[in-house]
Amino acid sequence: MVKIYIDSGHGGSDPGAVGNGLKEKNLTLQISTRIKEILSKEYQDVSIKMSRTGDTYPSLSDRTNQANAWGADFFLSIHINSGGGTGFESYIYPSSGTPATTYQSAIHSEVMKLVNFTDRGKKTANFHVLRKSTMPALLTENGFIDSSSDASKLKTTSFIEALARGHVNGLVKAFALKKVQEHENIEEKTFHTVVKGDTFYSIAKDYDTTVARLEVLNSTIDPTALPIGKKLIVHVIETIYYIVKKGDTVSALAEEYGSSINQIKAWNNLDSNYTIQIGKRLRVK
Ligand SMILES: [Zn+2]
């Protein structure tokens, strides 16, 4: 499980930068919220905590203390720039080294791929959230609120979406996140190499299966003349993984996949209440 702390810059009594009818605190919350939504919906084994989900002002220490106490793997702080410039830039703490530099490169380049912004480069700064977070941390400045051309982009939903998607794509690269797949079937085969004197009957006995099953699995082979050295399939074990959706129960899944409730409990180390969380990847067969 990768734990990502997403910090929406400013909030509440602190609007951050203001210009062209926009407030930084609202934009940072919009971008952060979309990053969280996309990650939670589309990627597995990722847990997200937000510094705020509404128009409130956690102090800078509140934010880093919370991320540190939670044991986040990454701290991502979203901001909007001001002061007479244009474009996108990202910051890590000075002399951070890897993996912070790797994460910065991944996120910076993925954002730049999706948005039509001037690239102001990968930078370092002694910001509180970068200095006081105990995990690798990145702060992005997503355009200048006092630039009319940046501001007009930031006013469109599609641009906010592209910024969020760029951050997500970078996080996916940095942490090798995997897409949620509702079903994942894995087939594991066991083989036997034919030696002189083998028959389907003798092989079935050795591998605890049946002649009928061997015939099905090796339908192209003439059972009356087994070719010596040929690899026969003797067992196929099908494993199915399933991503838990709202309303799922272990008993319903057991019935659907022809497994027992106790098998599903054992495969997934479930507690005695058979608790399953939405988004969890369960082995169901
Ligand atoms: Zn800011």
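Any Cβ shown, glycine's included, is placed from N, Cα and C.
Pulled from TrEMBL:
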| type | residues | note |
| --- | --- | --- |
| DOMAIN | 190-234 | domain 'LysM' |
| DOMAIN | 240-284 | domain 'LysM' |
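Secondary structure of the domain 'LysM' (190-234), assigned with DSSP and counted as helix (H, G, I), strand (E, B) and coil, comes to 14 helix, 8 strand, 23 coil.
Secondary structure of the domain 'LysM' (240-284) per DSSP (helix as H, G, I; strand as E, B; remaining residues coil): 15 helix, 7 strand, 23 coil.
Summarised as a single figure, the pLDDT of the domain 'LysM' (240-284) averages 90.
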